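> One structure, pasted below without further comment.
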Amino acid sequence: MQFDLLKTDGVARRGTLTLAHGVIQTPVFMPVGTYGTVKAMTPQSLNDIGAQICLGNTFHLWLRPGLEVIAAHKGLHDFMNWQKPILTDSGGFQVFSLGAMRKITEEGVKFSSPHDGAKLFLTPEISMQIQKVLNSDIVMIFDECTPYPATHEEAAKSMRMSMRWAQRSRDEHNKLENSNALFGIVQGGMHEDLRDESVAGLCDIGFDGMAIGGLSVGEPKEDMARILAHTAPQLPTHKPRYLMGVGTPEDLVYSVSAGIDMFDCVMPTRNARNGHLFTRFGDVKIKNARYKLDTGPLDSSCSCYTCTNFTRAYLHHLFRNGEILGGMLNTIHNLHFYQTIMAEMRTAIEVEHFTEWAAGFARDRSSGQ
C-alpha cells in the first residue's frame, strides 16, 4: 500500500491510495456491500456511478456463505465479480450490535449466531484469518466499539482492551504474511484524553492507515464534531485517515474539512430503499403525494441514470407499489450523488477553493426543492 498526499487546502486533504487492486483518489466514499453485494446494485452499476472501492463485512461473510465458498473463488473479488479494491471491517461493530447475545472477554467475543443460534467465538486472530481468506485490500483490526453513552472508566477499559486486541491483530496479520494493508481503529468514546491515548498506542504498534471508530453510534452531532476535530489532527499526516460509519452529505463535507480521507456508510443505500433521496437542493421523500404528477427529474443537476431517464412521478409510482426497480433507481441516484460530492471536493481542494465550495454546497442543500 502507498498513500500520497498531493494537495491540502486548509486541513482538507487530496491524495491517492495505491492498493493491490487499484489506485483510489481521495477523499473517497465507499459503498457498503455487507454480504458481498451493495444492495440493489450490480458491479456494473457501481462502476457506472464512479465507485472506486467498496466494503465487505467480515462477520456476515464468515457466517454466510462461509469461508469455504469464498476460498473456492480465491477471495471476495472473484466471488462478487468486483476487481477494484475492497475494504473489510473486522466484525467488531457487528458483534457489538448483538447486545445480549454476546459476551466479551479478554480472549475475544462469544456469541450466538443470529441465523441458527450456534455458539461462535471471534478473536483478533480469527478475524485476521478470515480477512486473509477474503483477500481484501484493506483489513481492519478487531476492536470493541465503545458504546454510547459510556463513562470515562467504561470507555477507558474498552479502549485499552481494543489496544491489546490491536497488537494481537497486528501480530496475526504479520504471522499470516498478509501483504494487504492493515488499519488501526481509534477508540475512547467521547473523552479526548482517551482518544489521545488510543492514537499514541496505535502509532506505537504501527499500522498502514488509521480509522476513527466509535462515532455515529447514537451520540449528539456536537459530540461527534468535537471528538473528530480533536482526534483527526493527531493522526499521522502520511497515512490515510478513515472515519467509520459516517454519514450524511453534510457530515462528509465537515469531515473532509477536518482532514478525513475515507468514509463509508449505509445511509445512501438504506435511505434509497426507504424512499429518502438526497439531491443538490435538499432531500426528497419520494412517497409524498406531491410527486404523483411531478414530471421533472429527481435532481436537475444530476447526470445519473435515474435522473436522466425517469421522472419523480415514475419514482413515486414505483415506490408506492413496492417495485424492485424503485429501490434500484433510488440507490443508483443516492450513490451517484455521494460520489459526485466527493469528486467535487477533490477538485475544490486541488484548486484551493474548498471553503467556497463548501459554503455554496450548504446554500444549495438548504434552499429546498
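Using the three backbone atoms N, Cα and C, a Cβ is placed for every residue, glycine included.
Residues or ranges marked as substrate binding site by Swiss-Prot on the basis of sequence analysis: Asp89, Ser90, Gly91, Gly92, Phe93, Asp143, Gln187, Gly214. For Asp89, the entry in Swiss-Prot reads active site, proton acceptor. The annotation region 'RNA binding' is assigned in Swiss-Prot to 245-251, 269-273 on the grounds of sequence analysis. Marked as active site, nucleophile by Swiss-Prot: Asp264. Annotation comment: Swiss-Prot describes Cys302, Cys304, Cys307, His333 as Zn(2+) binding site.
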> Other than Cys302, Cys304, Cys307, His333, which residues of the same chain sit close to Zn(2+)? List them in sequence order, counting a residue when its Cβ is within 8 Å of the Cβ centroid of the site.
Pro297, Leu298, Asp299, Ser303, Tyr305, Thr306, Thr308, Ile332, His336, Phe337
> When you rank Asp264, Cys302, Cys304, Cys307, His333 by Cα distance to Gly91 (substrate binding site), which of the recorded positions ends up on top as the closest?
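Comparing Cα positions, the candidate nearest Gly91 (substrate binding site) turns out to be Asp264.
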> Name them in sequence order: residues not among Asp89, Ser90, Gly91, Gly92, Phe93, Asp143, Gln187, Gly214 whose Cβ is within 8 Å of the mean position of the Cβ atoms defining the substrate site.
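Going along the sequence, the neighbours appear as Phe96, Met140, Ile141, Phe142, Glu144, Cys145, Ser162, Ile185, Gly213, Met244.
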> How about long-range neighbours of the region 'RNA binding' (269-273): same chain, 6 or more residues beyond its ends, C-beta under 8 Å?
31-32, 38-41, 327, 330-331, 333-335
> Looking only at the region 'RNA binding' (245-251), how are its residues distributed among DSSP helix, strand and coil?
3 helix, 0 strand, 4 coil
> If one measures from the C-alpha of Phe93 (substrate binding site) to the C-alpha of His333 (Zn(2+) binding site), what distance in angstrom results, rounded to a whole number?
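Taking the Cα atoms only, Phe93 (substrate binding site) lies 28 Å from His333 (Zn(2+) binding site).
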> Go through Ser90, Gln187, our binding-site residues, and report the one whose Cβ sees the most other Cβ atoms within 10 Å.
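The residue with the most neighbouring Cβ atoms within 10 Å is Gln187.
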> Between Ser90 (substrate binding site) and Cys304 (Zn(2+) binding site), how many Å separate their Cα atoms?
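With distance taken Cα to Cα, Cys304 (Zn(2+) binding site) is 33 Å from Ser90 (substrate binding site).
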> So what pLDDT does the region 'RNA binding' (269-273) average out to?
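Mean model confidence (pLDDT) across the region 'RNA binding' (269-273) is 99.
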> Quick one: give me the count of other CB atoms within 10 A of the CB of Asp143 (substrate binding site).
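Its Cβ has 30 other Cβ atoms within 10 Å.
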> How many other Cβ atoms sit within 10 Å of the Cβ of Gly214 (substrate binding site)?
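By my count, 33.
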> Say you check the Cα of His333 (Zn(2+) binding site) against those of the recorded positions Asp89, Gly92, Asp143, Gly214, Asp264; which is nearest?
Asp264
